[in-house]
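Sequence annotations record features per position, and here Swiss-Prot assigns Ca(2+) 1 binding site to D318, D320, S322, T324, E329. The Ca(2+) 2 binding site feature in Swiss-Prot is assigned to D358, S360, N362, E369. Look at Swiss-Prot and you will find 305-340 tagged as domain 'EF-hand 1', backed by sequence analysis. According to Swiss-Prot, the domain 'EF-hand 2' annotation covers 345-380, on the basis of sequence analysis. Per Swiss-Prot, transmembrane segment is recorded for 77-97, 120-140, 154-174, 215-235, 245-265, 426-446, 466-486, 504-524, 531-551, 561-581.
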Amino acid sequence: MATRRRSFPLVPLLLFLLAAAAYGRLISDGSPASASATSLLSNPVSAVIRLTTSNSASASSPPAAAPEEKCEQSYGFLPCTTTVLGNLFLVLAYGFLMYKAATFLSAGSELLLEIMGPGLVGGLLLPILGALPDALLVLVSGLSGSRETAQSQVLIGMGLLAGSTVFLLTLLWGTCVVVGKCDIGPNGVAVDLQNNKGFSLTGTGISTDVQTSYAARIMGISVIPFIIAQFPKMLKTHHGQRLAVLLALIVSFSLVLAYCLYQVFQPWIQKRKLAYAKHKHVISGILRHAQMEALGRLLNEDGTPNEDVIKKLFHKIDMDESQTLSRAELHALIIGINFEEVDFDKNDAVDKIMDDFDTSGNDIVEEAEFVSGMKRWLNEAKRSVPTSGAYSNKFITDYHARTRQEHDLLVDRSDETVESVENPGWCITKAVGLLLLGSAIAAAFADPLVDAVHNFSNASHIPSFFISFIALPLATNSSEAVSAIIFASRKKLRTSSLTFSEVYGGVTMNNTLCLGVFLALIYIRNLTWDFSSEVLIILLVCVIMGLFTSFRTTFPLWTCLVAYMLYPLSLVVVYILDFVFGWS
């Protein structure tokens, strides 16, 4: 029988740490006698002990002359302090609670998605729940207190916004490349599960599918609200700043809605893309079949279609020598071609071929129509496959292999169906419970965490932006970061694509939903928009990484160095602009 491990008592430790930052001093009733030790001994009721966190008072100085630093307890009972170590402890404690809140929200969201499947749940609810901890921290950073206090604390919210975006696109992105790297093959694509080249900066890396590039482009579009809000500052004018904030606010939430709707209807988009990929694979199969039958080269040396070979293929398919191709003859052609276990409806394939070739609408394909259609197919193949100038027989083989790869990637996505779960009622209850628990923890401790960061900034004289930029994203994004790293370590194109899509999706929600909450706070409380350096680093990182990831699908190992360097560069840029050039 396993012995139970005794845990260290947590409550005494907390009390000890809190008490270590304080000391006692005598508070008199105002009479001179009460200040002496004799009076204290003779009249113990006339003096009491008060705990204070002020370090400026001394034992010999009168109480009235000692300046007091005060801290305000959150909800009237949570601990507070004005010391550096005390506030550091509170930042770590509240940050850990926000991490647990994010973990509960993530677990509940995944469980709910497993039960109910994609659609409204996966497309609308889950992206919002994933961004909830960050959104709450941004909201409470300027919600309470006077306008001056809110203007001071709202910098914490901007630090979290910038820090989360930069963290995801630099440290997390680079780490996923490192743990997910595979050997890059001769075709420039990472080979699944093959990692024999060590840490070669150019010979290893990761590959993603084209849909991941689309997610990166959406992420790039999500910076538009930042540009709108910053536009008056770019023109060096104070006129229209409030209008710019309102316009950016509207655009932010419009982008959130558009992104969620895109997520909702993505299954239909995937089905449409899958049908198109199957059709392209049929085209490439017919082209390859023509070459395998030794009818000749379909393309001349200069890349133009070889009409003589195309006509030979037509007459070979025309079994009854009627000078036309019927549906039955096209169906026989499809059956005779080995499509390497690609599952599709052959009648549907015949329909699509007929649609491509039968321009006259008489439900048969004449020789001229066949030649014209084959030319279109060959031109499509030439656009899809890069060549070195010479169009050899290998060109058609490469095109067929590429269409097969596109088909397989989309089949993987279309196979993401909802599996039946045991006891769905209990699973739904558990999922809702996790979501409520995570939301409650995030809502309860967001404000104390912001206060602790603000107090730590005052005590340590470190700007609150840098604290929130570095520390808060670790608290709110650690759960997703660990999951992303574990998923990327499976070293497959499929898992890498899903991992980086999630990263880009997280940045998109930061730049839309969380920014929208921040802009609403600025507008409603009539705060000043003065975040030029912060907006600059967000634009810098998003534009560089967005352009970098939008137009390529393979990333060698050296690209992680670029991502890693952007993180300290962002901090240096903010420091120089704010404290050297005085932007803020």
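Placement of Cβ uses the backbone N, Cα and C atoms for every residue, glycine included.
Annotated features taken from Swiss-Prot, shown on the structure.
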{"residue": "D318", "record": "Ca(2+) 1 binding site", "Cβ contacts under 8 Å, 6 or more apart": "T324, L325, E329"}
{"residue": "D320", "record": "Ca(2+) 1 binding site", "Cβ contacts under 8 Å, 6 or more apart": "S326, E329"}
{"residue": "S322", "record": "Ca(2+) 1 binding site", "Cβ contacts under 8 Å, 6 or more apart": "none"}
{"residue": "D358", "record": "Ca(2+) 2 binding site", "Cβ contacts under 8 Å, 6 or more apart": "I364, V365, E369"}
{"residue": "S360", "record": "Ca(2+) 2 binding site", "Cβ contacts under 8 Å, 6 or more apart": "E366, E369"}
{"residue": "N362", "record": "Ca(2+) 2 binding site", "Cβ contacts under 8 Å, 6 or more apart": "none"}
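Nonlocal intrachain contacts for the domain 'EF-hand 1' (305-340), taken as residues 6+ away from its ends with a CB within less than 8 angstroms of a stretch CB, comprise 281-282, 285-286, 289-290, 293, 295-299, 346-347, 349-350, 353-354, 357, 363-367, 370-371, 374-375, 378-379, 404. Packing against the transmembrane segment (466-486) from elsewhere in the chain are residues 91, 95-96, 98-99, 102-103, 106, 130, 133-134, 137, 155-160, 162-164, 166-168, 172, 175-176, 179, 449, 453, 456-457, 499, 502-503, 506, 571, 574-575: each is 6 or more residues past its ends and has a CB under 8 Å from a CB in it. When pLDDT is averaged over the domain 'EF-hand 1' (305-340), the result is 81. Counting Cβ pairs under 8 Å to the transmembrane segment (531-551), the stretch among 215-235, 504-524, 561-581 with the most such contacts is 215-235. The Cβ neighbour count for E329 (Ca(2+) 1 binding site), using a 10 Å radius and every protein chain shown, is 17.
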